[in-house]
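Please read the structure below before turning to the comments.
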Amino acid sequence: MDKLAIIGGRPLYGTIPISGAKNSALKVMAAALLTDEKLTLTNVPRLADVDMLMRLLEQHGTTTEFDGSTLSLHAKTISSTEAPYDLVRKMRASFNVLGPLLAREGKAKVSLPGGCAIGARPVDLHLKMLTAMGAKIELDEGYVFAEAPDGLHGADIAFPFVSVGATEHTMLAATLAKGETTIENAAREPEIADLADCLNAMGAKITGAGRSTITIEGVDRLHGAEHAVLPDRIETGAYIMAVGATGGELTLTGTRSDLLGAAWSVLEEIGLYVEDLDNGLRVKRNGERYKAVDIITQPFPGFPTDLQAQFMALMATADGVSKIKETIFENRFMHAPELSRMGAKISVDGQTATVRGVERLKGAPVMATDLRASMSLVIAGLAAEGQTMVNRVYHLDRGFERLEEKLQACGALIERVKE
Ligand SMILES: CC(=O)N[C@H]1[C@@H](OP(=O)(O)OP(=O)(O)OC[C@H]2O[C@@H](n3ccc(=O)[nH]c3=O)[C@H](O)[C@@H]2O)O[C@H](CO)[C@@H](O)[C@@H]1O
Ligand SMILES: C=C(OP(=O)(O)O)C(=O)O
């Protein structure tokens, strides 16, 4: 298993191109199953999760071609409606092939999904939504067996709480359903509007994406299209926090501040200088230490749970005490004990972590159990005195494209150690 060796304490200066969003690319890729014509996606990040979903789509009969950051997907016919455990277990988004397979073929057998180990992560909302749209669903041996021999029909779906995946899955399933579907209490993450843009370019009739009520008028067929994946807001936020922790100045190209929602004002509040440019952002650290600030993770436009771990790494050396409350996932503080190994002063009580900022972290061997937690350790390592060895780099390969290369170009001493 590869590791990352980081010698910390160097400020970051330079330019980092922000990649397309993993969490959008994976959903628009699933949309390829809804048409027998070619879907061409641009700005697709080369990540382990994208490769894994390509393999899953290939197993359903999709022809794939990845050239630079352009990914062409052509599901002329569906050769298999089964999504096996080995291809679904590692990643949440792969479960979203269920709706498209049902919509197009009237049946599917899909393994229950995996993804980051940050909570129980049930899929009850997904299954209730498909049932309301006319699917017959049974669970057996870790698989969902679903049938809709007469096709799916429109339904009024009111989610009891916001779910990104279930909102996206409903949009994917409802585009080819008979009649109209409405989603109440829909997620408003930028990735939702991106998926709607892609589906609409394919001929779907979706309105309201990005707001709490979404309407999908079913159509008979979808056609091929070209769609550019939106920039990765979590990668953007992570690099802003990295320069916050190390000092220096970074220009992040190909991204936008509005994607960061509440995180943008928090970054200004702690004392980072952040500025919108024509094609990106500039961030620099003013003064020596930044201020500790409290945050609560919330669905968009609130502070994103996917930046909580990285923010904790930043708060580890802030001036003052920060309270970080995680409201989306029940087990998303696995990075706290690892940051503590580096000298951070963090105590966790239920869903709240209290971080007492220290002057300096010290490098140490650390290991994370999920993607964003791994990035928080990288940020801590870049800021710490001495060497940090981040184990289990495969988590980072799921979600941060060319991580070491991007950081090295800005002066970081970071190397992958092959084992
Ligand atoms: C691949 C992808 O895009 N992953 C993102 C997606 O995950 P994902 O789509 O899995 O997250 P959800 O928004 O669905 O989860 C929110 C909460 O709802 C719960 N829940 C969800 C569905 C369900 O059927 N039942 C249920 O109880 C979850 O356990 C969680 O506590 O949104 C999360 C919240 O922004 C992000 O952290 C993930 O990075
Ligand atoms: C939690 C994440 O991914 P997944 O939902 O695939 O586990 C993430 O991207 O931070």
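Using the three backbone atoms N, Cα and C, a Cβ is placed for every residue, glycine included.
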Of Asp67, Asp150, Asp156, Asp306, the one that TrEMBL places in the same UDP-N-acetyl-alpha-D-glucosamine site as Arg92, Arg121, Pro122, Val123, Asp124, Leu125, Ile328 is Asp306
Binding-site residues Lys22, Val123, Asp306, Ile328: those with Cβ under 6 Å from an atom of ligand 1 are Val123, Asp306, Ile328
The answer for which binding-site residues (Asp124, Asp306, Ile328) have a CB under 6 A from ligand 2 is Asp306
Densest Cβ environment (other Cβ within 10 Å) across the recorded positions Cys116, Val123, Leu125, Ile328 belongs to Cys116
Students should find that the Cα atoms of Asp124 (UDP-N-acetyl-alpha-D-glucosamine binding site) and Cys116 (active site, proton donor) sit apart, in Å rounded to an integer, by 18
Pro122 (UDP-N-acetyl-alpha-D-glucosamine binding site), Cβ-centred 10 Å count of other Cβ atoms over all protein chains shown, is 9
Around the Cβ of Asp124 (UDP-N-acetyl-alpha-D-glucosamine binding site), other Cβ atoms found within 10 Å total 10
Taking only the CA atoms, the spacing between Arg92 (UDP-N-acetyl-alpha-D-glucosamine binding site) and Cys116 (active site, proton donor), expressed in whole angstrom, is 8
